[in-house]
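Scroll down for the structure; my scribbles are underneath it.
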There are 2 protein chains.
Amino acid sequence: MDWEYWSQRLVEEELVENGGYNEYGTSGVGGRAAGVNGNGPTKLVDPLEDPVPGVGTYEDFNTIDWVREKSKDRDRHREITSKSRQSTVALLHSVSDAFSGWLLMLLVGLMSGALAGGIDISAHWLTDMKEGVCLNGFWFNHEHCCWTSNETTFQERDRCPQWKSWAELITGATEGPFAYIVNYLMYIVWALLFSFLAVTLVRAFAPYACGSGIPEIKTILSGFIIRGYLGKWTLIIKTITLVLAVSSGLSLGKEGPLVHVACCCANILCHLFTKYRKNEAKRREVLSAAAAVGVSVAFGAPIGGVLFSLEEVSYYFPLKTLWRSFFAALVAAFTLRSINPFGNSRLVLFYVEFHAPWHLLELAPFILLGIFGGLWGALFIRANIAWCRRRKSTRLGHYPIIEVLVVAGFTALLSYPNSYTRMSGAELISELFNDCSLLDSSQLCGYQQPSNISETGVGNTLADRPAGPGLYTALWQLALALVFKMMITVVTFGMKVPSGLFIPSMAVGAIAGRLLGVGMEQLAYYNHDWIIFKGWCSPGADCITPGLYAMVGAAACLGGVTRMTVSLVVIMFELTGGLEYIVPLMAATMTSKWVADAFGREGIYEAHIRLNGYPFLEPKEEFEHNSLAVDVMRPRRADPALAVLTQEGMTVGEVESLVESTHYSGFPVVVSQESQRLVGFVLRRDLLISIDNARQRQEGVVSASQVVFTEHAPSQAPDAPPPLRLRGILDLSPFTVTDHTPMDITVDIFRKLGLRQCLVTHNGRLLGIITKKDILKHMAQIANRDPDSILFN
Amino acid sequence: MDWEYWSQRLVEEELVENGGYNEYGTSGVGGRAAGVNGNGPTKLVDPLEDPVPGVGTYEDFNTIDWVREKSKDRDRHREITSKSRQSTVALLHSVSDAFSGWLLMLLVGLMSGALAGGIDISAHWLTDMKEGVCLNGFWFNHEHCCWTSNETTFQERDRCPQWKSWAELITGATEGPFAYIVNYLMYIVWALLFSFLAVTLVRAFAPYACGSGIPEIKTILSGFIIRGYLGKWTLIIKTITLVLAVSSGLSLGKEGPLVHVACCCANILCHLFTKYRKNEAKRREVLSAAAAVGVSVAFGAPIGGVLFSLEEVSYYFPLKTLWRSFFAALVAAFTLRSINPFGNSRLVLFYVEFHAPWHLLELAPFILLGIFGGLWGALFIRANIAWCRRRKSTRLGHYPIIEVLVVAGFTALLSYPNSYTRMSGAELISELFNDCSLLDSSQLCGYQQPSNISETGVGNTLADRPAGPGLYTALWQLALALVFKMMITVVTFGMKVPSGLFIPSMAVGAIAGRLLGVGMEQLAYYNHDWIIFKGWCSPGADCITPGLYAMVGAAACLGGVTRMTVSLVVIMFELTGGLEYIVPLMAATMTSKWVADAFGREGIYEAHIRLNGYPFLEPKEEFEHNSLAVDVMRPRRADPALAVLTQEGMTVGEVESLVESTHYSGFPVVVSQESQRLVGFVLRRDLLISIDNARQRQEGVVSASQVVFTEHAPSQAPDAPPPLRLRGILDLSPFTVTDHTPMDITVDIFRKLGLRQCLVTHNGRLLGIITKKDILKHMAQIANRDPDSILFN
């Protein structure tokens, strides 16, 4: 998220973009707009009158009112149902309306699956481009290029004659230090080129396309409006720059941004259906499902995706959304599979199959991995937030392009010599998860040949074996890769390119896990007479699977960073398909969460939400303080009295001057100034639009006209100007709590009902108002943070 | 659920049982109790005063107030946290409090897993007992008895010499019609004996133990109190009678009741922890997790169990409960696995492994199965509800024991001759799901030997083959079994024995699916030149898997009856472990749900909830009518004014007479009768207890004493009796809505916050009250049902 860009928008108000959600925003492009969108009739307007355009819509960077939105949708549904009895066309309309949700889900699934497939293929191609080019056609990636080759074994197929490394192509040399240096340089050049393209495209066309997008999507789903964040420009630029960023070799993944891409698809497709275009709450249901789709295509784990959306991203997740998310996630996964980007007909990103079960005693190292994951998660969040804060507050933030180029160049420079950092994050994880079979030629499987130990391990060709020199080299390289990945990821996440955290976090954990796994294996092999190994790890038995340790480590680290639990375990479960490994995964993720929580309750997404000051009311954390509503409400004791309107007796001029002298986004309407008995609540935006509209269209409305909120206009002097009747925009059912209501209950009400504001009464008299922002400020104050860090309405 | 028993309780009030939730009820045993439990301090009571015992607790058959309960728990938590800084003991207490939830989950998982294992083993043994006995010891079941036998093939091992059928034991004859008749008779005798024992035990000790328990658990989780429903007697009797009922051969399953058993375990274990013993809301979180545990042990599907609890059973399911349910479900599944009741080290009830993938064109028969499942579901619900209603309204309901005996005898009589009805439901489903391998000796795999067709199908020994005579016999038997199961299940579900619906519904679907699958297979075999089979179903290919059709059919029928979708698919997914089959399952369950919903929105559990008149506010269905709060609230226009208390000026006598002249469970307190400005709300129960308590303990409180709800007592005449100050029991933050609030919003508030009542105001003045029962009555009225069918408070 571009902090600088945002504060500019707030302070200078220069970048308010054209159109609105209705035209799915074009952030960064276009000039100033009035902000009045031609939305249709709303509940608040008397259906007999012509609705005033713009009433019932929201301004950018404001919070929606869930209750009103859902009520609006129910009204719309009622209208369609009652009309459906009148004619066949209306009946068809009603049926198509009922199925439009499913159709939309189908489209979201298809589009996201296709896009994810395209991203996978392009990223694969561009990544290979850094190393060489295919003579049959530059658009083939390495593997594809060698498909037609006659070489049959995997090793040799990798070196087919059609594929030329850059050194070979430029100098003709295939071996030797000179060729190595040429390849090294080309690698760095491509990395710099890709990252430069990515960051400039983001800067030029869609500043919202940077980062993982999940913190912002969480905020949007909780009811905040960020126009253009899920628009078509963001989608196009994010898709392109994601491919570039991943290919540049930076320590980032494409899994988080895929959630953003899927949400953009959903938001754009929403515009095909009136039901979703015009209703912010309904649209958010679709976006929740899209988040599930994103994870589903990222990992090939539809159930895990749904649980991810439920556990991590969504705010309001009714059962209907559960069904639909599941459907969309499945469609997307199968679309992706038919595109078959991984080339193995597998649905999942990392297909794993382990041969040996695990032993109960292995829980100890698994829990150790959980502790490592938790510590790394807590450390990463602190370091990353500190670095991002530094970027915001110092001159560093003014040179995002240079920053990206420096980090990319540095990453390329350091990662090329080490084969484990040179390969992409997903490949690395895949290799680490792999269970060594006898014929495996990978360095990680460089065990001593079993010929000399076959006497003991008859029949079991997968038995634990002593490590050979290949494996020792691999371990050293892995240890270096671990340190490098841990450092570089901290500065990479938060740069102005699309960047996901899943793959780098998992890579860190997988390396640590694999190291521990191999260590355990060797320990068991050389000391199988120790008590702890007795009985289950005799010589010749295949008792320890280092790949499983890598998987558990990956889950632990990802869990420490994001604080996911169930969804993480289910994603991992879907990768292996074996219930057997749920217990190790569960033990590690739970430990990781507990350890990380001990250092700070926030996951990386919550930390970034707070860093950016979004108005997000965390649904997971309990409000623990025992303050009352009266302590939080405005006006405070020393403040001037609450600005209220009376239901009759005020003139248009008085109302206008009251509105202009304050900055509140809404005003309570009371019976009279003396009684302070509450009648309703009117929004500033609706009030201004209605008065403007009336002045332009309704004859005789002048500043001296009375503003009337009652049902029947009071009798007036015959020569008085006609009154302006505004009951239509008055919300007659504002939420109220009493001044004695404990804040924990009030916060619960805000969260569960998705309120924007709530009025406070004492013995039936209006006393004050509590907004979502007041609550967030109060919570910040309790946590000894700066209450002014909450930026938006 | 015993309707008769319940209405008796309500009318004659003779069976109000001893103790309460606190002593985990002993339903049916014990006499009348005062209903005052020694619960601890509550928020409503001034912490400085000694709390009055009983204030803040609930009576039987009442609805809890979620908001207060949760607020109470937060208070408790705050107190512990603030104390923890003072001493080490308090710190330890705070830590143990934080981990008590996890510990409780561990215990629930262990206990439920162990009980489920015990039930499985006993039911297996008793089922075999109907056919014969083991000479090595009568406590061995058939399989266990023959383990030590020398016969090695499965066929012959089944006929080991140690296992004697009843005919062999009594008459010495092993073959021939006489032996058959003896075995037949013994089968019926045992079935009658088991069912008689089951129904008499239920009648005598725990009337709540009958049925599946899921409708009642749904109601309890939504906030209703049924004392003893989850008590120790229910647990003991349900466990024993469940084994008996399953063994008697009745068309019922143990899966639904296992949810009830797990919830009983959880409720009983809650009493070990103050946090859960004293708080109805916290306890319900544990019960939600227990429901997940129940399904987890029933099918060996922990993730499916969690989703079942989320989708089908739970009302309030925060993320914390998600994590804990998952943990408990895993613990239970692994406990069950280590007991290993299925004898195959598999976690799952039906382990399935299919060899062939499915083809897109097969979606047509899968959707056909979905339509069948939906129709069957709708039909079953109608027929079963009609039968249960008849049982209630006619003399049939007066003879539950005879009813059970007749149905059990009839079932045994008809099911013995047909081997597919003679075997238990789970065995039948297992056999139907099975994919035929070449060596399979089961009748369902009675295909013609492949020797004569081997020329075409070289190498593929699993190719589709023409049906042989064995298979044709099996198909006839299956068709008869289908008709029989469909009829008998309608009268079985709802009898006074523990009875689950999962297995019978799945059996119906599995039979239908297998029939269709074999039909498709033969169609494809004989007509592989048809266009629809071309390309994918050539001769010698293994293109159609009848077992997969059976699985899809089982899911469709279960979906039609219960209207589960995601959880059902996930349970089935966990059985096979293959993402490949999710699409057929999804297609079938979705079709099934849509078809069944077209005939009626309610699943079987909701239908039973309505039949029994439980106050359950369905969270899934939208409130569609456009009435306002003023249309639903009491008093109606013609009614006398609302009974209110004033905050001062009323005497104890006046209050008592007001309370006695009405039956309301709570009274609003207003500033004065004239202003009708709302101060708070006081519960009838709390008011009566406090007045009783004050009269007994507080000196000078007489009928003429003033009742004061204000903070400071008003000045009184010096000779007046001391006032009774009741601000402590006054709820100062009652929920209010305005009279103009649409009912859809009001219903939403009730659902989401779990309210019991809500006050209605107009322009700040109190107008009326809406209770949960008012809403349910209003909804019944809209749906043209009898509003008085809602029975409880």
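Every residue gets a Cβ built from N, Cα and C, even glycine.
Any TrEMBL annotation is an automated prediction that lacks curation.
TrEMBL lists B:99-119 (among others) with the feature transmembrane segment.
The transmembrane segment annotation in TrEMBL covers B:184-206 (among others). Long-range contacts of the transmembrane segment (B:184-206) within its own chain (CB-CB distance under 8 A, at least 6 residues past either end) are made by residues 27-29, 126, 129-131, 166-167, 170, 233-234, 236-238, 240-241, 244-245, 247-250, 400-401, 404-405, 407-409, 411-413, 416-417, 422, 495-498.
Same-chain residues lying 6 or more positions outside the transmembrane segment (B:226-246) and placing a CB less than 8 Å from one of its CB atoms are 17, 19-21, 24-29, 60-61, 115, 118-119, 122-123, 126-127, 194-195, 197-199, 201-202, 205-206, 208-209, 213, 216, 219-220, 252-254, 257-258, 260-261, 263-268, 287, 424, 497-499. Here TrEMBL flags B:226-246 (among others) as transmembrane segment.
As annotated by TrEMBL, transmembrane segment applies to B:258-274 (among others). Within its own chain, the transmembrane segment (B:258-274) has Cβ neighbours under 8 Å at 22, 24, 40, 100, 103-104, 107-108, 111-112, 115-116, 119, 212-214, 216-217, 230-232, 234-235, 238-239, 242, 283, 286-287, 289-291, 293-295, 297-298, 313, 332, 498, 500, counting only residues six or more beyond its boundaries.
Sequence-distant neighbours of the transmembrane segment (B:286-310) (same chain, 6+ residues past either end, Cβ-Cβ under 8 Å): 101, 104-105, 108-109, 112-113, 116, 217, 220-221, 230, 254-255, 258-263, 265-267, 270, 276, 316-317, 321-322, 324-326, 328-330, 332-333, 336-337, 346-350, 502, 564, 566-568, 570-575. Marked as transmembrane segment by TrEMBL: B:286-310 (among others).
Through the fold, the transmembrane segment (B:363-385) approaches residues 486, 489-490, 493-494, 505, 508-509, 512-513, 516-517, 520, 549, 552-553, 555-563, 583-584, 587-600, 602-604, 607-608, 611 of its own chain, all at least 6 residues removed from its boundaries and within a Cβ separation under 8 Å. What TrEMBL records for B:363-385 (among others) is transmembrane segment.
Sequence annotations record features per position, and here TrEMBL assigns transmembrane segment to B:397-416 (among others).
Long-range contacts of the transmembrane segment (B:474-494) within its own chain (CB-CB distance under 8 A, at least 6 residues past either end) are made by residues 211-212, 250-252, 376, 380, 383-384, 387-388, 391, 407, 410-411, 414-415, 418-421, 428, 443-444, 446, 467, 501, 504-505, 507-508, 511-512, 514-515, 518, 604, 608. If you look up TrEMBL, you'll see B:474-494 (among others) marked as transmembrane segment.
Residues or ranges marked as transmembrane segment in TrEMBL: B:501-520 (among others).
Annotated transmembrane segment per TrEMBL: B:548-573 (among others), in sequence order. Tertiary neighbourhood of the transmembrane segment (B:548-573): same-chain residues 295, 299, 301, 303-305, 307-308, 310-312, 352, 354, 358, 365-366, 369-370, 372-378, 380-381, 429, 432-433, 435, 501-502, 505-514, 516-517, 520, 579, 581-582, 584-586, 588-593, 595-597, 602-605, selected by CB-CB distance under 8 Å and a gap of 6+ residues from either end.
Annotated domain 'CBS' per TrEMBL: B:633-699 (among others), in sequence order.
Across the residues of the domain 'CBS' (B:729-787), the predicted structure has a mean pLDDT of 89. Per TrEMBL, domain 'CBS' is recorded for B:729-787 (among others).
Residues in the domain 'CBS' (B:729-787) partition by DSSP class (helix H, G, I; strand E, B; coil) as 24 helix, 18 strand, 17 coil. With a threshold of 8 Å between CB atoms, the same-chain residues lying at least 6 positions outside the transmembrane segment (B:99-119) that come near it are 239, 242-243, 254, 258, 261-262, 265-266, 269-270, 272-273, 275-276, 286, 289-290, 293-294, 297-298, 320, 324-325, 327-336, 339-341. Each residue of the domain 'CBS' (B:633-699) gets a DSSP state, and the totals for helix, strand and coil are 24 helix, 16 strand, 27 coil.
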